[in-house]
Amino acid sequence: MSDEQHQNLAIIGHVDHGKSTLVGRLLYETGSVPEHVIEQHKEEAEEKGKGGFEFAYVMDNLAEERERGVTIDIAHQEFSTDAYDFTIVDCPGHRDFVKNMITGASQADNAVLVVAADDGVQPQTQEHVFLARTLGIGELIVAVNKMDLVDYSESDYKQTVEEVKDLLNQVRFDTENASFIPISAFEGDNIAEESDNTGWYDGDILLTALNNLPAPEPPTDAPLRLPIQDVYTISGIGTVPVGRVETGILNTGDNVSFQPSDVAGEVKTVEMHHEEVPKAEPGDNVGFNVRGVGKDDIRRGDVCGPAEDPPSVAETFQAQIVVMQHPSVITEGYTPVFHAHTAQVACTVESIDKKIDPSSGEVAEENPDFIQNGDAAVVTVRPQKPLSIEPSSEIPELGSFAIRDMGQTIAAGKVLSVNER
Ligand SMILES: Nc1nc2c(ncn2[C@@H]2O[C@H](COP(=O)(O)OP(=O)(O)OP(=O)(O)O)[C@@H](O)[C@H]2O)c(=O)[nH]1
Ligand SMILES: [Mg+2]
């Protein structure tokens, strides 16, 4: 990988509209997947009676995904343009797997919305656009796919573009932040080269549009936040917490604080890939040793930050959530498990403050008695054990969460404000 700027890109859209095929094509065109691998996938797809899925198989690695020809879990892949190293997050379109799409979208800076020209806007096109907006996606590139199936017709393209614009207006997504491109992921039109089949189109091809996306806010502006994944004892070194730097810089010699355990010390050594390094940056997975901090003083779910600007610990916090799948209704007093960074803490929904109209983003009801599937709401939440979490507007990396109960993801959300302990 080059030392270009990094960004996470979600690929969203209705089932079968060609998301995985598009990602496979992008990886192929940028040289990230060699031709012989596509050939192997082609043979396997044909054996399974899934001819045409050779590009999708680059992303769909699970046996069940290949048999059914659908994406189930989110998959990550890397490719580069001149400006960026992209991590692509390929989301499933099938409605049963929307919870996986939420996880994918909450990790993304920008997104490509894939809409098939022969099928137009469909339920999960709407749902994904709504979630992308709720979870704070910046720009949207709308890829009008399968242009080969409509004979590269300009009027079919324009009709799809109009449908998508209506949808974006409904959810108040600024259409200034959206661009539209006619493509065929399968045939390779307007992906890496201008297509001869769309002479009527004079906009950017997909790779150019990706290259021109705005840069994500540099995460180094925020103070150090390093959620702890595990704590080891290593002979000769002592206590070694490990985790991924989400924001800021970890330097040897820094005075750091672990919250909510509330212990502090000086960083003696930082190790990455079994080598000692002087500092670690966002995205780096590190192990480090802190003078005076014992193995039982800190734990998974703690967040490490500067001693002079320690991670926030919430007494309560206010959040915007979207309810995805709950068997009945959510009322005040509901106490599911919140998954935020590496922490899992039972939290009580203390009050349901507002219900938001998903189609306008405006307040639909103050203090509703309950919320249910499909609802977006502002809620006040009280963690049952100390939890370190940050407002999404200040440190987005530490400001989103999933809510799980009964073995499934019920809802996802972003922290609006934290009432500190
Ligand atoms: N003709 C044509 N077929 C396409 C194109 N892109 C994708 N397909 C076909 O559409 C089908 C579904 O493609 P996928 O890439 O698996 O779709 P997906 O959006 O990833 O589907 P899910 O992940 O299950 O939501 C496959 O048979 C592809 O070959 C295209 O540009 N033209
Ligand atoms: Mg897919």
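One-based numbering along the chain as shown.
Just so it is clear, glycine is given a Cβ too, placed from its N, Cα and C backbone atoms.
Listed features, source TrEMBL:
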- 4-220: domain 'Tr-type G' (DOMAIN)
- 13-20, 90-94, 145-148: GTP binding site (BINDING)
- Ser20: Mg(2+) binding site (BINDING)
In three-state DSSP terms, the structure that Lys19 (GTP binding site) belongs to: helix
Where Cys91 (GTP binding site) falls in three-state DSSP terms: coil
Sequence-ordered binding-site residues from Gly13, Lys19, Ser20, Cys91 with Cβ under 6 Å of an atom of ligand 2: Lys19, Ser20
Listed binding-site residues with Cβ under 6 Å from ligand 1, out of Lys19, Ser20, Cys91: Lys19, Ser20
Pairwise Cα distance for Cys91 (GTP binding site)/Ser20 (Mg(2+) binding site) [Å, integer]: 8
Neighbourhood of Ser20 (Mg(2+) binding site) by C-beta distance under 8 A, where only residues 6 or more apart in the same chain count: Ile11, Phe55, Ala56, Tyr57, Val58, Met59, Asp60, Thr71, Asp90
